[in-house]
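What follows is a set of notes on a single structure, which appears directly below.
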Amino acid sequence: MSAIPSPQEHSQEFSCGISDLIKSSAPCPLSTPSPVHLSPGPRNDSEHSSGARRQRRSVSTERFVETLVVADKMMVGYHGRKDIEHYILSVMNIVAKLYRDASLGNVVNIIVTRLIVLTEDQPNLEINHHADKSLDSFCKWQKSILSHHSDGNSIPENGMAHHDNAVLITRYDICTYKNKPCGTLGLASVAGMCEPERSCSINEDIGLGSAFTIAHEIGHNFGMNHDGIGNSCGTKGHETAKLMAAHITANTNPFSWSACSKDYITSFLE
């Protein structure tokens, strides 16, 4: 199995319905036995006993990902201010269930700790069809509201609510590398979960099925590559492509994770 691209390698993009901007960095181990901030910690390779195989910490250690979800103005216009919060929480509940599936091999809790519904333009946040530029703008913006007060109508009064990962949901028909509609559904940085300015994604709203896009993009933040890209999952003679499939087809099973996805996230968390 190929390693996740190093920071020195050029970015790679797949235009595949679910498109993903590959910007990789060295994984940072996490240790989160309780719902606290995700932060780098030293790797512990001493957890073994003589005559027994070492148990993987990723399987026994429960992780909590405090998640900021942002809905843009177009989402409000489409779903209505009255119903949008319930809709978004329903989508994120599906995302959370996908991350609790046993096939992931790790106990990961996706918890919405902050929901921002944008009813007016925000300073320094530009969202349009151009997925790359919109993602870049959103990632910088969500990092800025981690520690800065804002007078915007959508920012909590204390401006200090913490989040580990930020999810933008938009009704724009987004497209990679151009400001025109196309088949892109989501975009995210690979292995960015431990970096405040890279632990983020943009996701096109297509209904409750958006949950699969969001889970897919968070998977990239956790260091997962597409099934069949740099690995054997989803290729002929191997298991069916699953949630991290580059293309959604009749043969894709988006309700569980492939062995390759399990290996990627396990390596990242360790």
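Every residue gets a Cβ built from N, Cα and C, even glycine.
Those TrEMBL annotations? Automatic predictions, nothing curated.
Together with His216, His220, the Zn(2+) site in TrEMBL holds one more listed residue from His226, His238, which is His226. Mean pLDDT across the domain 'Peptidase M12B' (63-270) comes to 91 in this model. Rounded to a whole value, the Cα-Cα separation of His226 (Zn(2+) binding site) and Glu217 (active site) is 10 Å.
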